[in-house]
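**Student:** Reproduced below are the annotations present in TrEMBL:
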- A:61-267: domain 'ABC transmembrane type-1' (DOMAIN)
- A:9-32: transmembrane segment (TRANSMEM)
- A:52-79: transmembrane segment (TRANSMEM)
- A:91-108: transmembrane segment (TRANSMEM)
- A:114-136: transmembrane segment (TRANSMEM)
- A:148-169: transmembrane segment (TRANSMEM)
- A:203-225: transmembrane segment (TRANSMEM)
- A:246-267: transmembrane segment (TRANSMEM)
Amino acid sequence: MPLRLAAKWALIAPALALLLLLFITPIGWFIWESLTELGSLEEVWLETQAVLGSRAILGAILNTNGIALTVTVMVLVIGYPLSYALSRARGLAFSLVLLCIVIPYFTSVIVRTYAWMVILGRNGLINQILLGLGFVSEPVDLLYNRTGVIIGMTYVLLPYMVLTLYAAMKAVDQRLLQAAEGMGAKPMAVFAKVFLPLTLHGVTAGSLIVFILALGFFITPALMGGPGDIMMAMLIEREIELSHNWPVAALMTIVLLGITLALYALYGRVSDKAEGGFAR
Amino acid sequence: MSTSTSQGVRLEAVSKTYGSETVVRDISLTIPQGEFFTLLGPSGSGKTTTLSMIAGFTLPDGGRIHIDGKDATRAPPRDRGLGMVFQNYAIFPHLDVFGNVAFPLNVRKVPKPEVAKRVAGALEMVKLTSFEKRFARELSGGQQQRVALARAIVGHPPVVLMDEPLGALDKNLRYHMQVEIKEISRRLGMTVIYVTHDQEEALTMSDRIAIMNRGSIAQIGPPREVYERPGSAFVARFLGEANLIAAKREGGALRGAGGAWFEVASDRPQAAGGQVFVRPEKVSILPEGGAPSANQIAGTVRHTAFLGNVVRYEVTLPDGQIVLCDATNASGTVLRQPGEAVRLGWQRADALLLEA
């Protein structure tokens, strides 16, 4: 039964009010305060040029997008087969796999990051195994560099991809796969010509979610990355805490928020299309 | 995917069991090339499982399945070279009509120009030319059905399986499609194995019907034979309205309630009695007077249903049994009203004695 417009607004209102009070107002206020500090519009324009021309800031923007993209690809490569297994699993196997996937959700960021340090450190588990087996002659650096950041973020963001893909895969009509097989398609063809296209909207949606979330990452790159892995959120924090340069922080916030909102708009369109397009 | 030099389909003592339940029990069938063969039965009778075993989606626990002269009992579905129309059509939502119909050819690596030619031919046959670019969501139920049909025949398979393909269509459209499917199957000389629970559909379309009940074949034969000469009360009832009038053998004659006696075309002389089977449309209301003879019963009209071309009377016999009589609404017909006493009669040739 479709809800009346008023009823819809009444249902959304509490969440909207909360967002307005705790998110939109402070951000708006922060940006306004920071930029008015500069005095005139001309000053704001000059500052904007300075920010966009700064190598450190441009580097952070590129880093952030590069890391987010790599993580998204990694999460997709690991998540797609995992989601498929999950969509096929039943009973205990299903519960166990699901549990393993959502545990990072429920673990404190700090705890799971330190757990990674134990595993990835120079004297960590992986290096001991590699050394013990004679694959390497001295420890491999898996922490405090790009590799560490990617590993840590991939792990944290995997559940978002898996749950999105799982939903898309569960929605695939099994009879279509059977029909394809009956029409002479080999298993690879059933996958490539039917299953993959029918779950592609899940791939797009999951990738966008992961990419958007990755853009704003702060703690993981700060703890597991090196000096070359400065992401935007880290730089913003630094401008506020260390440099007390609020206008620069505000301008960077606008850039980050702009990229994020643009991607959200894209995500909205993709999920709308998926709902309307393949509805049975 | 060869053309019509095929040998049809043969099932030898095929069985399927799920847990402790035998869904299909020892079914043997021979379906010659070019025959329109229907598996008819109520839900749970095993007809869909049987079809699924022929398709290869379900493996039998016992018996052998031969398709086109080759043992296909354990062959995967893709190697059986069958055309299939599924109950829900199974139109791929991400492909347009052309993509759907071309699918069986594309996965078999048929060259592109050949694909285009064959798809055009199949779409023409189901009257969907110019719909190539549409997607399933832009098609009506009847059009989706046609896409499914075109996709099943596009590779010229010798055998096409159809699982309740018309179940979701409204009555008019269904009749239309019945005629069309029949017409196409005849033109292409394909063997069709058709599953339905709709007896009218089975009678209209089939060369032969196998009526299934609880995993076994109750009777097999051409439509008219199974309709007019049912071998059991189950088949008699399943294929339409049937009068089954209790009769006892007394001194060689079959006697019913109220002094009636019956003569039947096919008797079971050993039996001490049974049920006299006669279809309602073979029963007529007799004029007043006239000498009593075999196959006449007296009763009271309980209900009169005017159905347009036919008037259906429910007549109560002295012992409480109800007999249906379908009288054609010919010119000058006088409707009998409930409460009226009537005499009913039928020809010996139209009656059978069935097991009680």
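Backbone N, Cα and C atoms are what each Cβ position is placed from, and that goes for glycine too.
Tell me about the setting of these features in this model.
**Tutor:** Counting only same-chain residues 6+ beyond the ends of the transmembrane segment (A:9-32), those with a CB under 8 A from a CB of the stretch are 3, 246, 250, 253-254, 257.
Taking Cβ pairs closer than 8 Å, the transmembrane segment (A:91-108) reaches residues 82, 85, 155-156, 158-159, 162-163 in its own chain, all 6 or more past its ends.
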**Student:** Quickly jot the same-chain residues contacting the transmembrane segment (A:148-169) by Cβ under 8 Å, restricted to those at least six beyond its ends, or write none.
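**Tutor:** Answer is 67, 70-71, 74-76, 78-80, 82-84, 86-87, 101-102, 104-105, 109, 112-113, 116, 120, 142, 195, 198-199, 201-203, 205-207, 209-210, 213-214, 217, 220-221, 223-226, 229, 274.
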**Student:** Counting CB pairs under 8 Å, which listed stretch among A:52-79, A:114-136, A:246-267 touches the transmembrane segment (A:203-225) the most?
**Tutor:** A:52-79
**Student:** Against which stretches of its own chain does the transmembrane segment (A:114-136) lie, if we need a Cβ under 8 Å and a gap of at least six residues from its ends?
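**Tutor:** That would be 142-143, 148, 151-152, 155, 223-224.
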**Student:** Counting only residues 6+ away from its ends, which parts of the chain sit with a Cβ under 8 Å from the transmembrane segment (A:52-79)?
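**Tutor:** Long-range Cβ neighbours of the transmembrane segment (A:52-79): 146, 149-150, 153-154, 157-158, 160-162, 165, 203, 206-207, 210-211, 214-215, 217, 221, 228-235, 248, 252, 255-256, 259.
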